[in-house]
Structure formats: structure tokens, C-alpha cells
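A.B. asks: Relevant sequence annotations retrieved from TrEMBL are reproduced here:
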| type | residues | note |
| --- | --- | --- |
| COMPBIAS | 637-653 | compositional bias 'Low complexity' |
| COMPBIAS | 1158-1167 | compositional bias 'Low complexity' |
| COMPBIAS | 1191-1218 | compositional bias 'Polar residues' |
| COMPBIAS | 1220-1232 | compositional bias 'Basic residues' |
| COMPBIAS | 1233-1243 | compositional bias 'Low complexity' |
| DOMAIN | 428-583 | domain 'SSD' |
| REGION | 611-653 | region 'Disordered' |
| REGION | 1137-1170 | region 'Disordered' |
| REGION | 1191-1292 | region 'Disordered' |
| TRANSMEM | 429-448 | transmembrane segment |
| TRANSMEM | 460-486 | transmembrane segment |
| TRANSMEM | 492-513 | transmembrane segment |
| TRANSMEM | 533-554 | transmembrane segment |
| TRANSMEM | 560-583 | transmembrane segment |
| TRANSMEM | 694-712 | transmembrane segment |
| TRANSMEM | 972-992 | transmembrane segment |
| TRANSMEM | 998-1020 | transmembrane segment |
| TRANSMEM | 1027-1049 | transmembrane segment |
| TRANSMEM | 1061-1084 | transmembrane segment |
| TRANSMEM | 1096-1119 | transmembrane segment |
Amino acid sequence: MDRESLPRVPDTHGDVVDEKLFSDLYIRTSWVDAQVALDQIDKGKARGNRTAIYLRSVFQSHLETLGSSVQKHAGKVLFVAILVLSTFCVGLKSAQIHTKVHQLWIQEGGRLESELAYTQKTIGEDESSTHQLIIQTAHDPNASVLHPQALLSHLEVLVKATAVKVQINDTEWGLRDICNSPTTPSFEGHYYMEHILRHLIPCSIITPLDCFWEGSQLLGPEAPLFIPVLNQRLMWSTLNPSALMQFIKQEISDQKVSFDFETVEQYMKRAAIGTGYMEKPCLNPLHPQCPDTAPNKNSQQPPDVGAILSGGCYGFAPKHMHWPEQLIVGGAQRNRSGHLKTAKALQTVVQLMTEKEMYDQWQGHYKVHTLGWTQQKAAEVLNAWQRNFSREVEQLLRKQSRIAANYDIYVFSSATLDDILAKFSHPSAVSIVIGVAATVLYAFCTLLRWRDPVRGQSSVGVAGVLLMCFSTAAGLGLCALLGIVFNAASTQVVPFLALGLGVDHIFMLTAAYAESNRKEQTKLILKKVGPSILFSACSTAGSFFAAVFIPVPALKVFCLQSAIVMCFNLAAALLVFPAMISLDLRRRTAGRADIFCCCFPVWKEPPKSSPALAMNNNNSMRGGRHPKNCNNNRTGQQQQQQQQQLQQQQQQLAQNPLLESRAPLAGGLASSLPSFSLASFAYKYYTPFLMRSWVKFLAVMGFLCAVIFSLYEATALQDGLDIIDLVPKHSNEHKFLDAQTRLFGFYSMYAVTQGNFEYPTQQKLLCDYHEAFVRVPHVIKNDNGGLPDFWLLLFRDWLKNLQRIFDEELRDGRLNKEKWYPNASSDAILAYKLMVQTGYVDNPVDKSLVETNRLVDRDGIINPKAFYNYLSAWATNDVFGYGASQAKLYPEPRQYYHAPNEYDVKIPKSLPLVYAQMPFYLHGLTDTSEIKTLIGHIRDLSVKFEGYGLPNYPSGIPFIFWEQYMTLRSSLALILACALLAALVLVSLLLLSVSAAILVIVTVLASLAQIFGAMTLLGIKLSAIPAVIVILGVGMILCFNVHISLGFMTSVGNRQRRVHLAMQLSLGPLVHGILTSGMAVFMLSTSPFEFVIRHFCWLLLVVLCVGACNSLIVFPILLSMLGPEAELVPLEHPDRISTPSPVPMRSSKRSNKSFIVNGSRGSSRSNNCHKAHHYHKDVNINDPSLTTITEEPQSWKSSNSSIQMHNDWSAPSTPTPTHNRNHNHNHNHNHLNNHYMNNMNNYQQREPPHGSSSSSGQGNGNGNGSNYSCNAGPPPQPPTYHKVSQPMLGGYAPPELQSIVVQPEVTVETTHSDSNTTKVTATANIKVELVTPGRAVRSYNFTS
């Protein structure tokens, strides 16, 4: 019997079958469709982690629903997304940026923050001093600056620089207006003398020039002061203060003018103001103004600079103006006697007022009436003057080639540092634009397809990159709206971090989008790739959210902003980008090119002549008609040969499922794929190379050696953020900081005592606290090896002096218990007034105390009862001593101006102190370890005395900048522990595999060790900024490993096979993400700040390199050796699941669909022509299944799928050549196989048909569908599904088809490669039973 007439499995009606999806379903079952995996477990065909698969099926179900909704309303989703993201972007206008370095790491709620808050609350400012500094060094690093010429050059620069002016709103400000100068006493009714003193008392300038007469040239006054009595103009270069006072006193006394010269004399005496600079040596004794009293004036010999500078210098008031040698001379070398031998640098410090002090000084003055005087305006004046100062020095060095040829002079100020920090705290728009442009260009080039413009994804990829930028800006806008303050870490890192990780999501989605051209594309993309993106993003964002609880601002703000931005990117990737894909699908369906789709015409693909494609897809163009095709024997032979080749290729694929073969079965699909892809590279070359034994051995050993070496190097990792790194490398400020750090290491600090402390009764404890600093290293001592006096000691000495004078004059009878006499001195009268103070407000004066009371007792304790009365008198009448003490007492003592002729002895009582400070100078602090040691000593001292009942804390630059390092390592360890613990929990929950989570965390820990080791090798010290990058590295490496782990867990097979499949899936998106992140980070290398380059660019590149190596090389090898079991383990086949059982479809109505096989023998004749059937355009391939081949009444006895065939034997029988019959037999044999394979492909879609009905065409012998004769005459009526009475031919009734039994046995072998092809071999045992009246039943068994 001719097998051509036997029935065949119905066709799939020409629908395009996604072979890649069919392949992934069998080898990545839970990744493609977790529900199928659950079915396999339920039916005993596989075992696995049911909970994990169930959770994944839930996620896939929701994501599939989301994809369908997004595709249906793509335009609406895009419109709403643009509105929402634009709204959040507006929030960037309200962003606040911290521009001060210490604001990065002062712990919220920590000790340092509370201390600074207390200082701000009490005295109204954080900083206690403002300085303008100049350092001079020689060009020759071995040359010494201890010679007159160097000091004269130093003088020339200072004279020019201190003379600069600044104009603010037409008001001129000079150094005299803003400098910190000693306070002058006030006089009743003698404003002229007060004016003279105020102009003569100069600014406080710490300089080595104060050891020489030339130092007087810096003191001014700017305009020589004219005194009528002397008939000359006074300047400090010619001024002898003591001789001047004696002369004025004599002249005024001769004129019988009443004036309190004694107050002025006491003022000068307490400050030790004597001859000024008249008796100091001249650097240039030949100078015409060098005074005759100079020691070297007559000898004309230059002074011994080293000997004179040894021990430091003294200003015009030696008692309160001693400049330590370590402060003014740097890089010193000494001889055996301790005198300076050589020095490499000279330093001058111009002391300026703070913002608060300047505001209080000029408040209410006529000069500021038109300025709207505020503290901010005072800061503006200070900053402007400091900038002009620096500019003047630079211009002078350009003009004075003599100075510039021999010396380097560097200028620095606090305003300069603030300006620099403000610059790099704001994000660089140029770097961001360049980074985005480079990323866009990369996405465009990698997703472009020149050979198949219709299937290209460059436009949607570029749109995705821009979407990530948009969502990043929106996330940062929300942070600004929530009041999260930005800083240098967040503005420099977060945009590039978000761009890199966000683009990773885009590449994963585009990779899935490129796999097929299915109608329901969006929901399939989200169903497959959505869980991977969701899990990795949630793990990374969760680790960042866990780190938010660390109180360090730089770490907290960065982690919180990163987590929020990652959530925005995740939402954009899962909601908005699928809408873009849906719109791009319309372009692809329309056949338009990817680039300028609206400009170019519809792209027409070249016709494909592959017969294999025609076999698999009978109607590759839906809704079209095939051209007429007249078959002959030659054509049949060619087709038979092609079918045999196809079967051989399928058998090869069956033997090796992972074999990459560009068989003709792929047809046009292979030609539409790019010639090179990372998935193909990973599958064909990269992963097989990694799986070699020697590669594994070398990689693991190298990994272990790298970890061990990194741990060893990490032990040498130092703490510190050098301030020198915060400024541009070749700037003047950078050179200053380098010289200052190397040669001086000088800082000032204060020991602050607080309120809730009885200062009058605890004076001994205060003195002990001050004396304890003698034992603190790096604290500068005085000439006697002790510490400079602080405010309480100066206060006590002043009272002792008054007590001494009072005792002397009491013995002389100049005063008694009741009154004083006219010959009593002013100090004795003041002492009398102080001694009668009781300290009680209701009874303030008791004259009986004169005989028994002492201002200071024998133990050096000031009278506790009247302590605050005495304090009012001291602060007002010893203004030089009170100002030199730098105590900043708060509340400020009440004013009491003593007048000898005032008989009211009541002295106002000041309020109890809540703030006082003791100044100290520190030196030799050249690195962070020394500063940390110092901070540790002082903090221990502070805690010790706090235990004694003295509330105190240290203050100053070392504590603001470096105290972070005292707790940095513990804080970083805590934050890493929180992030890793959160990651472990999240990965365990998402993958439901503790072993996989532990393997991921171990790899992350090893990566951290390598990052710390690389920091040591690169010379990057640990600070808040590298700590932020390290936390970022945890998030990035965790994201990489979760992607690979998910692909590994959801694959089927042994470990090595699953590594192949995981890398084939993950390598492309991860490499693209790493490269785009690297390009974005590399843009930071254009920054002029060494800080940005070293701590951001280099370190981020280290994180990317370490993450790439460990995630793409080591982690796959570890998975192949120690990886956990797959989520789904088939029981019948090692490398794939069993053929899934289809789900029965219920229908309320009997389907009218019928599948008819034409059994006409004449179909194989060579002289017949057949015309293809016209199929419906909206045929759904999901309708036919293995159990629904026919929908006849349930009268069949067989439980197998069956087809009832119409008995159409009425046509006359014509003999057929044997070779033709054989050909048709083979043709039908293979055609049945193809039909069966198409039905198997249709299994993948279980959705009910969306209003489309199947065509009723049948297959014919040559695969062109149902046919009819081309002979003249009307075509025969189509056969029906009921028996027809036919005349008997040849004495026999026509054979009657009893049944066809199909017993399928399907073996699916898959090749998963960049060409996205799938080879399927289907075997079906077909039993045909024919009944002829009067004869026995004939059975035919076929295996196809």
C-alpha cells in the first residue's frame, strides 16, 4: 500500500515557532516557565526544590501579567512615566550640598557632633580661629633658609600681601579691619588717647620676622599716626612704646591735663610692652632706618639667624606673644647645644577674626549701614580678602623674578579650602555628559545589526540608557525632596553607579528581546528575565538599605541615595522599558529598519530557498498564498536528499545537545542573528576553556594566592584622608599643604570646659586638667618646659598682683577698712573694691571683709564667693590678658570699667560660665597614625577628668578631620556585616538555597579582601570615601554573582552543563554592564582633583576589575566544583526534562475544527499541479495539542490520540511508478515527523485562542497543504467527516478506515547558541487499521 495516502498529524498552520524558547523550556525549565517545572515534580518526572520553583512561578505569573498590561497600554505607560519622573527631577532644585569635609564623617548623634553642636549653641560658631598662612621654601631642597636674604624676601612678600584691599558694595576693607588684634582699654572722657592706642596696637601676626627689627614693618599703622605733642608721625619701625609713654606723660603733666596714665602703664606692664623692636637686631644693618639701639648696628654684621630663632620669637607684647620655634621654622636641624643649624622652611600666620567676631565687632558701625550687615556678609568680606591676599602673592612672584628664582612661596587659607571642597562637591556636568554619551554610543554600537536592520535593537537600547539616566535623576530628586543632604561622595559616585547597574538591566532585557519575534513578546521577556533583574536589584538595594543605620553621614547618605536610585532604576526597567520594547515591536512587525525607521522604506528580506525551513514552516508568510508549484520526479528526489541531510543533522544534535551547528534547520533565523555575540563566545569558547582541569587549577590557586596576598597587604592598610588630596595637584594650595605636612605638621586645638560645673569651687580640678596636657605628646611647651598660662592662671596672676599692691599701700596707710586716700594707686583702689565683694546679690558689699578677705589664698585659689564679681573686673580692666587667653568665656563677663574717683564699690556679678577653652599648639603631626595617637591620649584624658566631675571635650582641626578614624574601622565592619547579612538573607530567600547564598557571600568577602589589598598597593588610605566605594563594591559584585547563580540554579543537568548554560545567559549582559560602568567611571579621570582621581576613579576601577575577575572567572569555576543542586532534577533524562504532558483544554461547545487528511492516490502524480491553501492570518498556534488532534465523539476504544479519516476511495485507481511511491512514502514519513514536531512546539503556549479560528487545511504529499487537481473541469467537492455511499470497484468495496492510533515518543535535543536554533527529533509509532467489507482487518504500523 502506498504510504502517501496514509493520514498525517495536522499542520501548525504556518505559524513561526520560537525554537529558542522550545529549547530553554527543556533545559532552563524554571527560568522559562516555573509552572512546567512544578508539573514535572507533581507527576513524578522530576524532583527539586518545590518551594523555590513555586515562588518563581508566582513571580513569573505576575511579571507575565505585567508585561501583557504594559504591552497593551504602552503609550499610556510611557506618558505617565515621563510625567512622574519629570516631577521628581524638579526636586533637584531643592538639593542641599555639604561643602565642608568634616560634614562627611561627623557621626549623627555621636560625640563629636554633640560637641560641635554645643560649641555652636554657646559661642555661635564652630571654628575658633581663622588663619592666612604663608610658607617659604628654597628651590634647592637641601638649602637652608636661615640667612638674612631669605627672611628679607619673606618680609617683602608679606608687606605687599598684607596691604591688599577688597571692595564690598563700595566699602573698602583692609587687614586692620578684619585682623585679630589685642583689645585696648577704654577711658572715661579721653577718646583721643583711646583712639591713639587703638591705632597703635597692631594686628597679631605670628612670624619669624618678630625676632628682628624688620618685623616692625608689618605692624604699621597703614598711615603714620600724628601726635601733636611729639610733632611727629609714629610707626612701629620707629616706636619705643615705653619711652613714648614717659614722654607723653611728662608733657601732659606739665600742661596740667588730667589723664589716667597709670591705667595705660599697667596695661603695658601686664603685657610686657617695653621698647618694641628698637633693641632687636637688624637683618640688614645697612638699612637707613635700622635703629642705633640695634645690637648689630655698629658692627654692621648680619645676625646669626639660627641662634636668634632658636626657642622661638616674641612679638611686641612678649608676655602674651611668644611664637614657638616649631610654629615658625620647619624642617629644622640642630647642633649639640640644641640651637638651630639649618631649616628648610619659614612660616607666617596672619590671625584673622572669625565670622562671628567680625560681625560683633562692626555691628552698628556706620561703615556697615549700607551693607545689610549679617554674619554671612562678614564671611563674604573675610573670604574676599583672603582670595585677594593669595592673588597678590602670585602676582608678586611673577613680577619679582629675584624672589621667584630662589624661593617658593605658598599661600593658604581656610577660605581656599572651602572653595576647593565646594567645587568637587558639585557634580561635574562635563563628566556626566561625556559618560552618558560614551554609554549611549556603546549601547548603540553593540546592539546595532547591519545585516538585519529590522531585528536591530540600537534605538531601543539607546532609549533604555537615556531612561536609566532619567530615572537616576528622578531618584536623586526624590532624595532632595526627602531632605537627604548631598555630599562629595554622593554627587561623584551615585550617578555613575546607578548608570552602570541600570544599564546592566537594559542589556539583559535587550538580550531577551533579541531571542525571538513572538507576538506576545513583552510578557515573555519579563517572564524570563524579570525575576533575575528583580532578585539582583532587590539584593543590592537591600544591602544598601541595611547600611543606612550607620550614623556616619558620608556612608548613610550614600547608601540611602543609592538604594533609592536603584529602586527607581528597577521600576523603570520593569515598567517603562517594556513599554519601549512594545512600541519597538510594532516597528519590527512593520518591517522597518531599526535606525531612522520613519525615514527608510519597509525592509524586505531576501527570499530564502532553504527547503528545511519550508518543511518546518509550511506558510512562512501568514495570510499569503504560495505560488503554484508543479512537482516532478526530479524535484521529489532533491527533496528526498534534503530530508535525509536534515535527518542526519538532527541525529547529530540528538547525540550532543550542546553541539553548536548552523544547520539549515535554522534557516533565515541564523542569518538574522549577528555574526558575533557574547553568548556564542561564552558557549563555544569561554566556558569550555574555563572548564578545563588545568584552567580550574590555575584559576583557583591564583584566586587563593591573591586572597592571601591581599589579606597580608590589608594589614598594612593605613587610615587617613590627606588634605593634600583634596586640592588640585599642581595648584599652589597643593604645594603648601605638601610643605606644611612634611616640614611643620602644626595644628591648634582647644580644651573646652562646659557648664554644669562649679568653676569657683573646682579651680584646683581645672588647673590639674590643664597641667595634664604636659604629658600629651606633640603639645608645644614654653621655654621652661611647661604649658602657656590659660585664662584661670592669668586671672589669678592679675588678682595676685592687685593683692600685692593693696597690701603694700595698706601698710603705707594709703587706704583703710572704710576708704582710700587720694594718694592710693588705681590698682590698690580696684583691689579694695574687689575685696569688699560678698558675692551675694542681696548684700553685695561688706567693708569688714577688707581685713579678713584675700583675693587669692595661699593655695592659689581665687575667692570662690566673689569669683564672678572678680571675673567681671578682670575681663574689662585687663583686656590684653583676657584677649590673649583666647578663653572665649560664655556667657561673656559683665563689663566694669574701674575709675579711681568712683566711690561706688559695687561690682556687677557675671553669670556662671557654661563655656571656656584652653588653647594649645600641636606640632610634628605628619601622618594619620600620629594624629590618631594624639587623639587617643587626649580623649583618654578627657574621659578621665569627666569622671572627676569636669565636663570637657577637645576641639580643633585634628578632631574634626581625623577623629573619624578612631571608629572608622569598627563602623565599616559593622556596615559591611549588616550589608552582607542582609544580602545573605535576601539571596537565601530569593534562591531558597542557603548553600548558593553562602557561596555568593564567600566570593564577595574574598573580593573585599582583594579590594583592601589593592588599596594598599595603590597607596589609598582608608577613610569615609573609600569606605563608601567598598560598600558599593559589595553591591556590584553581589549583583553580578546573583545573575550567574540564578542561571545556574534554574538550568538542568550536571554542574558543568549548568555553568555552560548560566554563562551563556549572563556573560553578555554582565560584560556590557561592566564595560559601560568602566567607561562612566573613566570619565572621572579628567577631574583636576587628585582626590577624585585617586579615591573615586582608581578605586572604582579596582572594584570593577576585581568584580569582573571573580564573578566571570572564579565564581563559575567554584559553581562547577561546589555549586548547589539544581532547582529541578529530571528523573528520566540527565540533561533535560521529560516531554511535558499538555494541559487539557475545556470548552463549553464542541469545536467545529476538523483535521482531514486527503487520501487520494493521484496526489503523487507528476502531471498534477497543486495550489497552496490560503490560511487564516490570525491562526493561533496554541490551539492544537497532542490530546486534541481530533475532537470526534468519545466512541473510540483506544486511549491514545486518534484521527478519524474520511473514506474517500471512489476515485479511479491509477498505477504509480515504484520510485514515485517510494519517494512519496519517504516524503510522507518525514512530513509526518515535521507535523508532529510543529505540534510539540505548540505545546509551549497554553493560552486560549484570542478570537481566531484554525484553518481547516490538510497536509499533502509534498508538504504544500491540501490540494485539488489542476485538470480542466470543476474541482472536486472537499471531503467531509461522514461516511459516503460509494459504488464498489473491482468487486470490492472501498476500504473503510477504522482507526489511526498515534503513540508518540518524542526526544528533544537542543542546541542553545547565539544563532538561537533548536533541533527536534520526534518519533511516532502510528498504527493504521483499515476494514474492507468481506475481508479481514488490515493493520499498518509506521515509525516516523
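Each Cβ is built from the backbone N, Cα and C atoms, and glycine gets one as well.
These numbers come from a predicted model, not from an experiment.
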A.B. asks: Counting Cβ pairs closer than 8 Å, which of 460-486, 560-583, 998-1020, 1027-1049 has the most of them with the transmembrane segment (492-513)?
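C.D. replies: It is 460-486 that shares the most Cβ pairs under 8 Å with the transmembrane segment (492-513).
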A.B. asks: Pairs of Cβ atoms less than 8 Å apart decide it: which stretch in 429-448, 533-554, 560-583, 694-712 has the most with the transmembrane segment (1096-1119)?
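C.D. replies: Selected stretch: 694-712, with the most Cβ pairs under 8 Å.
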A.B. asks: Under a Cβ pair cut-off of under 8 Å, which of the recorded stretches 460-486, 694-712, 1027-1049 contacts the transmembrane segment (533-554) most often?
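C.D. replies: By the under-8 Å Cβ criterion, the transmembrane segment (533-554) pairs most with 1027-1049.
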A.B. asks: Go through 429-448, 560-583, 972-992 and flag the stretch with the largest number of C-beta pairs under 8 Å relative to the transmembrane segment (460-486).
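C.D. replies: The stretch with the most close Cβ contacts to the transmembrane segment (460-486) is 560-583.
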A.B. asks: Could you give the residue numbers and ranges of same-chain residues that sit at least 6 residues beyond the transmembrane segment (560-583) on either side and whose C-beta is under 8 angstroms from one of its C-beta atoms?
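C.D. replies: Residues packing against the transmembrane segment (560-583) from afar: 63, 66-67, 70-71, 73-75, 77-78, 81, 85, 88, 460, 463-464, 467-468, 470-472, 474-476, 478-479, 484, 486, 490, 494, 497-498, 501-502, 505-506, 509, 513, 521-522, 525-526, 530, 533-534, 537-538, 540-542, 544-545, 548, 1032, 1035.
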A.B. asks: Please identify the stretch among 694-712, 972-992, 1061-1084 with the greatest number of Cβ pairs below 8 Å relative to the transmembrane segment (429-448).
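C.D. replies: It is 1061-1084, which has the most Cβ pairs under 8 Å.
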A.B. asks: What residues elsewhere in the chain lie close to the transmembrane segment (1027-1049), defined as a C-beta under 8 angstroms and at least 6 residues from its ends?
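C.D. replies: Apart from its flanks, the transmembrane segment (1027-1049) reaches 28, 30-31, 52, 489, 493, 497, 500-501, 504, 508, 531-532, 535-537, 539-540, 543-544, 547, 552, 554-555, 558-559, 562, 968, 971-972, 975-976, 979-980, 983, 987, 990-991, 993, 996, 999-1000, 1003-1004, 1007-1008, 1011-1012, 1058-1059, 1061-1063, 1065-1066, 1069-1070, 1074, 1077, 1095-1096, 1099-1100, 1103-1104, 1106-1108, 1110-1112, 1115-1116, 1119, 1123-1124, 1126-1127.
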A.B. asks: Going along the chain, which residues at least six beyond the ends of the transmembrane segment (972-992) come within the CB cut-off of under 8 Å?
C.D. replies: 49, 51-52, 55, 535, 538-539, 542-547, 549-550, 555, 559, 998, 1000-1001, 1004-1005, 1008, 1022, 1027, 1030-1031, 1034-1035, 1038, 1042, 1045-1046, 1049
